[in-house]
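Marked as domain 'Deacetylase sirtuin-type' by TrEMBL: 31-305. Marked as NAD(+) binding site by TrEMBL: 56-75, 138-141, 247-249, 273-275, Cys291. Look at TrEMBL and you will find Tyr100, Arg103 tagged as substrate binding site. Taken from TrEMBL, the feature active site, proton acceptor covers His156. As annotated by TrEMBL, Zn(2+) binding site applies to Cys164, Cys167, Cys205, Cys210.
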Amino acid sequence: MTVHMIHQHISLRGLLHPRVCAHLWRTGIEMARPSSDMAAFRETFSKAKNIVVLTGAGVSAESGVPTFRGAGGFWRTWQAQELATPKAFSRNPSRVWEFYHYRREVMLTKAPNPAHLAIAECEERLRKQGREVTVITQNIDELHRRAGSKKVLEIHGSLFRTRCVTCGHEAPNHQSPICSALEGKGAPDPETQEARIPVELLPRCEHKDCKGLLRPAVVWFGETLDSEILAQVEKLMESCDLCLVVGTSSVVYPAAMFAPQAAAAGVPVAEFNMEDTPATMRFRFHFNGPCGTTLPPALARHETEEQ
Ligand SMILES: [Zn+2]
């Protein structure tokens, strides 16, 4: 609990998340509702030199990217939690590749939205002023890169990277289809016949004649995050002087702890989300609504910025 969080008087507009209420009840600490004063945020933003933007599924959802989680989030009869696991892949690599092939192909029909574009434009503009903007994202769809963001850490990997299960070689891969056997496969309807592609016809490693089976280079359920990327994230979180949390519920660990840790260290944190999250009360600012609407004015050129 830092002074930053208590300096405002309590205003309990809207509903508090039950877990936040429980936390408040347990600690007995008075917590201030974060500010939604855009002018105050813009003042802080105008002085920040190292900005970290943590993004999650909400940003992708506004581009129409399906997550295959939650109500109605099915591919055939499965949700992502059932297919995005090492076990599912070793049992049925054809099925898991059909799922990922479908997700890759879907991305050809999606585009970055105003939130992605505002972050990319801000990075480019501030770079010329000697200021840094880095995106740390849980999303695997590469929409930040497609929007033009250069400094992007994809902590859950990418749909458009592969890793060899034999030699470990990782490489970008934007082919469509990724292999001829998957062409036209991967339809999401529950009545779709499974392709049952022989394993030798699935994507194979082309590194030094290895020919091992490739898998999507994404972090699956039950797997740990890349320690090198985690070390970079920690370094960034320690050096940033402003942190934005965009379109993520802040409940997915370990990403969930980055922003609350920064807030606890006194870094101003601004949350842009459709709703309150369990971490909202720890943050300095909260802006409610679609981030494609709230983010562009928040990150636009400030009057104090040099041209
Ligand atoms: Zn290999």
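Here the Cβ of each residue, glycine as well, is placed from N, Cα and C on the backbone.
In TrEMBL, annotation is done automatically, which means it is predicted and not curated.
Structure coloured by features recorded in TrEMBL.
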residue: Gly64; record: NAD(+) binding site; contacts (Cβ under 8 Å, 6+ apart): Lys110
residue: Phe68; record: NAD(+) binding site; contacts (Cβ under 8 Å, 6+ apart): Phe74, Trp75, Trp78, Gln79, Ala80, Leu83
residue: Gly72; record: NAD(+) binding site; contacts (Cβ under 8 Å, 6+ apart): none
residue: Tyr100; record: substrate binding site; contacts (Cβ under 8 Å, 6+ apart): Leu159, Pro216, Val218
residue: His156; record: active site, proton acceptor; contacts (Cβ under 8 Å, 6+ apart): Thr137, Gln138, Asn139, Ile140, Val218, Val219, Leu225
residue: Cys164; record: Zn(2+) binding site; contacts (Cβ under 8 Å, 6+ apart): Glu170, Cys205, His207, Cys210, Gly212, Leu213, Leu214, Arg215
residue: Met274; record: NAD(+) binding site; contacts (Cβ under 8 Å, 6+ apart): Gly58, Gly247, Asn288, Gly289, Pro290
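Proximity to ligand 1 (Cβ under 6 Å from any of its atoms) holds for these binding-site residues out of Ser60, Gln138, Cys164: Cys164. Averaged across the domain 'Deacetylase sirtuin-type' (31-305), pLDDT for the predicted model comes to 94. For the recorded site, Cys164 (Zn(2+) binding site), the DSSP three-state label reads strand. Counting only same-chain residues at least 6 apart in sequence, those with a Cβ under 8 Å from the Cβ of Cys167 (Zn(2+) binding site) are Cys205, His207, Lys208, Cys210, Gly212. Those residues of the chain, other than Cys164, Cys167, Cys205, Cys210, with a C-beta within 8 angstroms of the mean position of the Zn(2+) site C-beta atoms are Val165, Thr166, Gly168, His169, Glu206, His207, Lys208, Lys211, Gly212, Leu214. Cα of Ser60 (NAD(+) binding site) to Cα of Arg103 (substrate binding site): a span of 13 Å. By the criterion of other Cβ atoms within 10 Å of the residue's own Cβ, the least surrounded of the binding-site residues Ser60, Gln138 is Gln138. When the alpha carbons of Arg103 (substrate binding site) and Gly56 (NAD(+) binding site) are compared, the span between them is 17 angstrom. The binding-site residues examined here are Cys205, Cys210; by Cβ neighbour count within 10 Å, the least packed of them is Cys210.
Under the DSSP three-state reduction, Arg103 (substrate binding site) is assigned to helix.
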